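Pulled from TrEMBL:
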type	residues	note
BINDING	GLY363, GLY364, ASN365, ALA366, GLY367, GLY368, LYS369, THR370	ATP binding site
COILED	551-635	coiled coil
DOMAIN	745-820	domain 'Smr'
Amino acid sequence: MIHTRTLHALEFDRILQRLAGFCLSDSGRERALNLQPLAEEQDVTEAQKLYDESRTFAARPGSGDLGLGNFPDVSAFLELIGTRGAGNARYDTDAFWALRSVLATAMKVRDAICQPEGEEQWPRLRALATNPPLPENLHAALQRCLGDDGNLRDESSPELFQVRVELRSLHQTALRKVRSYAERYNILAYLQDEFMTLSSDRYVLPFKATYKNKLQGIIHDWSQTGETCYFEPMFLVELNNRIQELKREEREEERRVLLYLGNLLEGQLDGARAAVRLLTELDLLQAKARMADACGARMVPVTPVSEGLLLAEARHPLLVLAEQDALAARGTAPHQVRAQSMNRIHPVDLVFRPGERAVIVTGGNAGGKTVCLKTLGLCVAMTLAGLPVPAKAGSHLPWFTRVDAFIGDEQSLEANVSTFTAQIEHLAKAWKHLDLSGLVLLDEFGSGTDPAQGAALAQAVLDELLAKQTFVLTATHFPALKGYALAKEGARAASMLFDLNTHKPLYILAYDQVGASQALDVAREHGLPESIVARARHYLLQDGEDTSALLAKLNDLAKERSEELRRLKEEEARARNAAARYRERLETDRRKLYEEVRARAQELMQAWKEDKITHKQALRQMAALRADLAKEQQKEQEQAGQQAPAAAVFSPGDSVTHTVFRKKGVVTDVDAKRGKVRLDMGGVSLWADMDVLKPSVVPAPQATSPQPGRVFGRVRERPQESAATAASDASAQSARHAAQAAFSVDLRGLRADEAIDRLQASLDKAYLAEMKEVEVVHGRGTGALRKAVHAWLGTCSQVAGFSLAPADRGGDGMTIVTLR
């Protein structure tokens, strides 16, 4: 729970206003403005996963977003139907046309989301698009009855079609009569305009006012200038009367069509609301992504309280966005706005190590202490609301069930409440609810009263909060609290650094360090006369309270340590980048080598098939080719051992062997902090310690015939060769290595054509390396990918047979391919 007072203090409403500004639709903006922190951890996790899936969906090839535009808001129309019912509501075509647009957009997006790969890649997004189902019948009826111009089509009903056909016929008849009459009686000189027009749904002629008495008829209206009268000749009266009758029939029939659509809508109201909800949620997800891109934000996972808290390189999102507005107003190029704003807003590392519950921030006035408190509080509120926050990857937050912020001046003259009294009253109300899943933000607590008593009270409050195991981030100028932070178990000191040469804050948060308040320097910088500052320093020395020299020295040491840490991080980043570049170059060279060997092997196979070389010559050249390949591989391994910079042992996609279970798997995720990796072992996912894993170079078991009853395909054998050839083959086989390297290819998440291309390249590599068995991981899913793989394997000349893997190796999620 986060109280409204705390959300207001953290300016959460301004974040929602910013989020609403990134929405495209009115319903999306309303949804954004009503967003609130969620009360259940599972709901937060689901919201984060839904956001991640929406980013994956938007990043699919050929798409830059979720495919939304500014769709109309039909919520009020649906509410009207829901409350009054179809029979009591008044309709117009505009509302139904807007609904038709909403349904068309929703179904287009739904069809894109429900692609085959969506079942595995974005299941929550798919569930949002399909449950409840969208109203197909209503959409079809609206498409049939409403044209692109928003009017009812003639085909809406047989009766409407007939009426409109007759009306068009009468229009042509009226035109013929007018032309004939004009030619016979030469009345063109009487007309202000050559064309017939309508007045009150009756065909009339625009007569010049001076000729109004030349013919018999009825004057229906005058122009504003009085120079033109709209005259209905007597020969058009009967025709116009019939037109009036048909117009009345047309309106009645249109009303019946709209009533039919209203009844259809009332019966499928849930589906129509589902369409609105789908587009609204997608608009909100898209707005989250836009705001995240603008301020460098990402989803921060919720972790157990025992793991502490980490917001690495966190920035206050409102400061980033405000800086972007300022840069844009100054004419900065749009592509430079984000980078410049991120550089101008200094990040801070907000850290509670495991076991720590209080961080006490000291330092100069206007140095960024309150910004630290607001950044943490706002990031927590945004995380609980399912919003991405501007922090670096690797950040994590505990699950907070309550957040209380005591920030700013809350005095009230009307209620006779001072700043100090207001803080005490709010803390007293929240006190009984605080526990180990709570977060308290205290800004200058106890500062509105006697300094000695305020400091004592602040220490006592911190003692009790530590006993409750509540997380506390507090900013203070009290010297007593600075010593408390350094000495108290479970608490940690931190300081906002200050440049003593320029007398400017650095906005760097240094831990295990206390800082001076720099009140006199701040006073000088903000224009207070130097004589006052000098007198204040004199009084400070008289009172024996000037510890600024010691704190200044500590501040300088902290600056040096912070700079050293920054250099170490840069060195680490350069080493990681160098390792990545080396691995990329090594992989490029490896692929090039394999392609060259594959091409040469195919040439040899073709030459043998065309009888350009003998079988023995082919075998000798293939053996030489394999020897060259082995030499190149050995050279790569030696270069890797000598040149590769230090890097993580395992990366996603690596094939490894679990030394305890003695089974192979593929790395899908790495948690370097915990020293663990997530493995996929034949469809079974588990976390394993890095020290029980090693790269998959364990010899594979000798190839055996597929198990009876499990063989799904077999390739046609080549005709028997001569005994001499067979003997030669046997001799060549005996010269090969007895142990074969294990080989696996993962096809999950690929389309059928992509999977076949990867499988073909992998089998070529395995064949050249004289492997006998290849594991093909295709997953279970709907079985479509497995069927496509099996169909292709049945046509491959390199394959002797294939079967599903045993249950302990992956079952029907993996196929074992035996090579010739």
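Cβ from N, Cα, C; glycine included.
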Given a 10 Å Cβ-Cβ cut-off, pick out the one of the binding-site residues GLY363, GLY367, GLY368, THR370 that has the most other Cβ atoms nearby.
GLY363
Does DSSP give GLY363 (ATP binding site) helix, strand or coil?
strand
Report, as a single number, how many Cβ atoms besides its own are within 10 Å of the Cβ of ASN365 (ATP binding site).
18
Work out, from DSSP, the number of helix, strand and coil residues along the domain 'Smr' (745-820).
33 helix, 19 strand, 24 coil
Counting other Cβ atoms within 10 Å of each Cβ, which of the binding-site residues GLY364, ALA366, LYS369 scores lowest?
ALA366
